[in-house]
Protein chains: 2
Amino acid sequence: MPEYLPTAPYRGTRDFLPPEMSVRMQVFGHLYDVLERYGYLRYDGPLMESAEIYERKSGQEIADQQLYTLTDRGDRRLALRPEMTPTVARIIAGNAGSLQFPVRWYSHPNCFRYERPQRGRVREHWQINADIFGSESPNCEIEMFELVHDLLRSVGATEDMFRVRANDRNLLSSALTDLVGCTAEQLPQVFSLVDRWEKYDRDTLAGQAETIGLADKQFEKLGDVLGAGLALLDELPAPVKEASNLVRVLESDAAGLVHFDPMIVRGLAYYTSTVFEVFDVSPENNRALFGGGRYSDLAGMFTSQQITGIGFGMGDVTLMDFLATHGLAPSPRSEVDVVVIPVSEDLGGAARQVATRLRGTGLRTSTPLELRKLGKELAKADKAGARAVVIVGREDWDSGNVTVRSLATREQRQVPLDEAPTAVAALLAE
Amino acid sequence: MPEYLPTAPYRGTRDFLPPEMSVRMQVFGHLYDVLERYGYLRYDGPLMESAEIYERKSGQEIADQQLYTLTDRGDRRLALRPEMTPTVARIIAGNAGSLQFPVRWYSHPNCFRYERPQRGRVREHWQINADIFGSESPNCEIEMFELVHDLLRSVGATEDMFRVRANDRNLLSSALTDLVGCTAEQLPQVFSLVDRWEKYDRDTLAGQAETIGLADKQFEKLGDVLGAGLALLDELPAPVKEASNLVRVLESDAAGLVHFDPMIVRGLAYYTSTVFEVFDVSPENNRALFGGGRYSDLAGMFTSQQITGIGFGMGDVTLMDFLATHGLAPSPRSEVDVVVIPVSEDLGGAARQVATRLRGTGLRTSTPLELRKLGKELAKADKAGARAVVIVGREDWDSGNVTVRSLATREQRQVPLDEAPTAVAALLAE
């Protein structure tokens, strides 16, 4: 007896069968639509890049523990992209001379991280990236926040289901230095502590704060700062606030798009000022859906030209969990709109002619590959979600007609071949 | 001075900047449309699979020389898919119990082969796969051939630009055995020789035939067989012809879709009867565009259930070369339809309101991120391919109006805010 290989996909990766793929394509289609309507232009890049660009930029955790690397037959050390930003930075740097900045770009790559699979985490995920490159204006921040709202609305979310929380790392630095009394050396560790703030209990955090060298009073003050919300701004020096795009947004008529939250820092190293995260507010799925931020020197490892940018990456796993939590996932589409059934094999060519006409008007149309009795074909068409069938019989056909039948009402009528598309479209519109 | 990393993509892979990506998305969109209209359902699968499935099935050349392999941190030996068929075979085998055969499926994965980059060959390419699983009917062959014609027509090709050449490996086996006098042991090598027939000159082929052990007369007869076209069928035994789906197609009213050609064998090992290739007939690009065939036991390494299938894989590189050769590549879309320009920064919020209305009617609409003088913004909008702009001025806005301007005619008129989308749409329709 032969030994069969397992049919499960590689751990942490997924097979998408047609019903699930249909749901995904509908959701992604809405998101692409919104991005295109905002004037974002789609780009794409290779799955593999030199491993070095991630080791330099994506942070130690990714490079050391999560990167899939390989050596090609020409001894080049490559990695499967864990994220799209280094690739787009490379592309932007390589084409900076011919691009008219600012540019709005988006992409939808699959990305790879070696992680222990768990809710919200897989090894291969699909991530929509949207970025503006080449502008430092706070209008970019406003557009990003607007875009986030419109993207989520396009898949059915309402404003009460999510919250956009934003911070400016420079505001937080100032607060940590001026109000909490952190030293410059302590700042990176305190940022990291803030990043974990909502994940641990108070005692654990206090222990970690002590390790960093914060006094009890400082730890208390840190808690006050992180919980202060907008009131924190009153305590910060004017020049720091004036330099902040986020403060400008909060003072504008777009302030309602975002909640200022000093606790948001984002782990990734390359963000330099604005950072934001979109949270599901449902108690069942109270977590970050996706986030992004601004980087002052995107492509520093490729070029001396300083290119600023702001953008976000929206992963499919947390998005689909969000839609499921709120009952927003669309139903899979039917497999076809209409099936053309010849009553005998010799009418197969006639059925194909009819199908061609129907397809020409945009109808998703199939014909049976293995013809069975009419009753069985009708049941099969119904199961495939078709709402209409066209039956091709010998006498009908010889007189230039076909029979159009509704699978819902079982009513049917003879129509001239020319009128079949209109008759089917009418049934589908009912 | 810091050392900068190169901005070129990894050898044999490609960056797709927005103009090229726009062309690709249009072409792929047409192809997806045709597939959906035929009732093909989209699926997807992981980029990485166990390396073993390719080593068992994809042929020695791929496994030994072209496979990208890696070992994950859990010591699993993985490969980047060089093709989609083993993945879809695994998925079909794993879900055979719940699928209603026959099924029509398609996908559009990126695939990887370590090859020396040259015209038509890259290391990462995108391939549309379309298959019917679970039917042995010649209706499958007919549908595949119809589909191929419709796919190419959908991207602008006419029937004089390409030719679908098809063969049945069993017919060729019979001809080689019965007419050329090959032994069963020689058959695989002779198939391989036939596969190279159009690539080498007569002398080289004769030398290779001699190595296989074919006599001069046999080699001559082989040449006759391969060049015989439909006349070859007259020389073959009736039972062989009766068992051939392709012969049934050639005897049907669908015969015009395909040219019988004994020379087509396709390299890949898993094809078992029908094989076909689509050729560009232009003298400048006289080559196979893509091809496919029928496999009698698709998923034999995963299950004892015998699942038959027929399908093809259409790669992006040869397709784009074909479109370029025949002048069929579409132009990139404009970046946006309309730009909304506030005359001063304080009207930015007003401009965003207008933009939101325009987007709501499907118009691709941007607003300036870094506002410059009106003349410069008009020039920029023109460069982005916008055909209309909406100008938001203070007095207009305060009285509920905006100015809609044609970039072609430079005519402009004031309209109430509510009417802006209609006025812009009218300009775009001109």
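Backbone N, Cα and C define each Cβ position, glycine as well.
These numbers come from a predicted model, not from an experiment.
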From A:Arg113, A:Arg116, A:Arg287, the one annotated by TrEMBL with A:Glu83, A:Met84, A:Thr85, A:Gln127, A:Asp131, A:Arg266, A:Tyr270, A:Tyr271 for L-histidine: A:Arg113
Secondary structure of A:Tyr271 (L-histidine binding site) (DSSP, helix/strand/coil): coil
Assigned element (helix, strand, coil) containing A:Gln127 (L-histidine binding site), judged by DSSP: strand
Fewest-neighbour residue among binding-site residues, criterion Cβ within 10 Å, set A:Thr85, A:Gln127: A:Gln127
A:Thr85 (L-histidine binding site): secondary structure state under DSSP, collapsed to three categories: helix
Reduced DSSP assignment, A:Arg266 (L-histidine binding site): coil
Cα-Cα distance maximum in Å, computed over every pair in A:Glu83, A:Met84, A:Thr85, A:Arg113, A:Gln127, A:Asp131, A:Arg266, A:Tyr270, A:Tyr271 that the record assigns to L-histidine: 22
